[in-house]
Amino acid sequence: MNENNVESILHEERLFPPSAEFSTKARIPNRAALDSLIQVANKDYVGFWAKQARAELSWHQPFEITLDSTNAPYYQWFNDGELNVSFNCLDRHLKDKGDKIAIIFEGESGDRTTLTYQQLHQRVCRFANVLKAQGITQGDRVVIYLPMVPEAVIAMQACARIGAIHSVVFGGFSAESLKDRIEDTEAKFLITADGGYRGGRIIALKAAADRALKSGCKSIQGVIVLRRTGHSISMITERDLWWHEAETGISSHCDPVWLNAEHPLFLLYTSGSTGKPKGIQHASAGYLLGTITTMKWVFDIRDEDIFWCTADIGWVTGHSYVTYGPLAVGATIVIYEGAPTFPDSGRFWKICQDHGVTVFYTAPTAIRALMKAGDNIPAAYNLSQLRLLGTVGEPINPEAWMWYHRVIGGGHCPIVDTWWQTETGVHMIAPIPGVTTAKPGSCTFPLPGIDIAVVNAQGQPITAPDQGGYLVITKPWPSMIRTIWQDKQRYYDTYWRKFDGKYYLSGDSARRDEEGYFWIMGRTDDILNVAGHRLGTMEIESALLAHPKVAEAAVIGRPDDIKGEAILAYVTLKETCSIGDKALIIELRDWVADQIGAIAKPDEIRFVDNLPKTRSGKIMRRLLRSISRGETITQDTSTLESETILTQLQEKN
Ligand code: PRX
């Protein structure tokens, strides 16, 4: 971003206060209750977090020092305390909730199993003993490359129990990505499966793991293989071990290892816009605390809830809101293995109906894809148990928000639009569902104890409403990234250098409206500069998405002699529309001009069948920029959902 602020052109005036029915029963039921939390946090945020940590976590050795800033920005939280994350997620519930269902699992082909807290505890302990028997001890790295099955949670919890540091690699990643991550972590063990089911096919995980290990990964001493599909795979004697065989005769008693609060819990790789993926390192106690407080404040979790976060464990969302947060509060979760569209676009809604899901959390990309399939599909299912909906991963365009609210939530469920990042560990900006009046497309306000600002290039707060700038976090928080694995310098350079260690730089641009609501405008790298006006991608895309024929849109700037940058929009259409329709191009350009003003009118619109996305559903705009400029692609495309999209787009050029 250059010196100027980003202009906002989107105006959303619809307001959605929570219903009295929701608020009365909510954990934070009214403004006064929320304000009292916020006031305490504002007065003394360190004391606030100390109090939360004492109330929410079970400590083996209580902490005295809450925040150690000696080596800022390498902050440490609760560092003289000791606990175990798996103990906090399992053991402490056994007395009162041993028979409560922890996990409801549904495989893609319809197979179902459940695990109570007691059963889950036993399985985690047994598998932790398997890891110990293989010589894995505290501090060792273990890479997990599994489908979305209960064993993925079991493997993560087992690592946490013995102090091994897990690094989960999404099952859709290639052998090459797996290899890079194994090598960077220098993992001792790999846990994988023969395969998993997705979209009616078997994902051959073991075969990919074999390819990864063949060409390097010298640190790996052994591979544990879960039998999921039962199809034939090759096992290498000496190196590979079946999960079920390794468990034979192994005890299900395993005392947790008491660990320092700052002991690394996991590494999770995110791909930056340049260079190799970064191993984001999270600590134990502070991270777990953040998952618990947000489960309570944002998801308003209750004992009787059936909580379903659709994210794969390969993403931070699957760490915080599948494996750790819900279990730490003793909730019942749903895990689904397969694709949202298998065998048809009703699958998510069928699962919600069949398992009585009450709190549902997914990504805007999934919402848009399911919305494209039409209202009659969700209408075929009983979604009346739902009481709260959430989204994460990208800005949700108001149109998709409205559909989610009306069609899925039946008009009565609050929607929590949660802004956060792999690096922040847990939600940072999100509505408190029983209190906050929502505005479609806004993630609303920072959570208690979290200080966030929008600043200009000099780091001064932007006070005028609707002026976009850098979104920064101005105080440390317990669940924050601790460092980048093996690269302290890159941690500083990426997140702190811009504002001299004073603020954490999120890399997003945002604005606040006249009522202080936060609106994410896109990544700062994606900002367009059109005739001296600096525009975020989100607002133009939202305007396009509000057109009844548009399914998806990605906006980028392409060099233009006169305007500096011209606006180029890649658009996918809803199923019934024809792609060669020239009149529609004119209609869409005028539509955007009408909706948000002539300055944002796209100079060019290209219809495409698909947009390039990461496997977690984010549009890769920088790739579109390179393609539109006819450049050779030098970026890391290993996280791209489908390589064939590239060829398709290049042909359109
Ligand atoms: O650009 C923001 C976008 O996703 C980025 C973080 O991505 P990742 O580390 O993969 O974590 C995704 C799950 C937390 C952010 O920098 N993003 C995430 N949530 C939102 C969002 N943008 C707008 N609104 C959101 N609710």
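Quick reminder: no glycine exception, Cβ is built from N, Cα and C everywhere.
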Co-listed ATP-binding residue [TrEMBL; alongside Gly393, Glu394, Pro395, Asp417, Thr418, Trp419, Trp420, Gln421, Thr422, Asp508, Arg534] among Arg387, Arg523: Arg523
Shortest C-alpha distance to Pro395 (ATP binding site) - which of the recorded positions Arg198, Arg201, Thr317, Val550, Lys618: Lys618
Set of same-chain residues at least 6 away whose C-beta sits under 8 angstroms from Trp420 (ATP binding site): Val392, Val426, His427, Met428, Ile429, Ala430
Listed binding-site residues adjacent to ligand 1, that is, members of Arg201, Thr317, Gly393, Thr418, Trp420 whose C-beta is under 6 A away: Thr317, Gly393, Thr418, Trp420
Tally of DSSP helical, extended and coil residues in the domain 'AMP-binding enzyme C-terminal' (539-618): 25 helix, 27 strand, 28 coil
Assigned conformation of Arg201 (CoA binding site) - DSSP reduced to three states: strand
Helix-strand-coil residue split for the domain 'Acetyl-coenzyme A synthetase N-terminal' (36-89), DSSP-based: 25 helix, 7 strand, 22 coil
Local backbone state of Arg523 (ATP binding site), from DSSP in three classes: strand
Between Lys618 (N6-acetyllysine) and Val550 (Mg(2+) binding site): CA-CA distance (Å): 17
Residues near Thr418 (ATP binding site) in space but at least six apart in sequence (CB under 8 A): Thr294, Val298, Gly390, Thr391, Val392, His427, Ile429, Ala430, Cys443
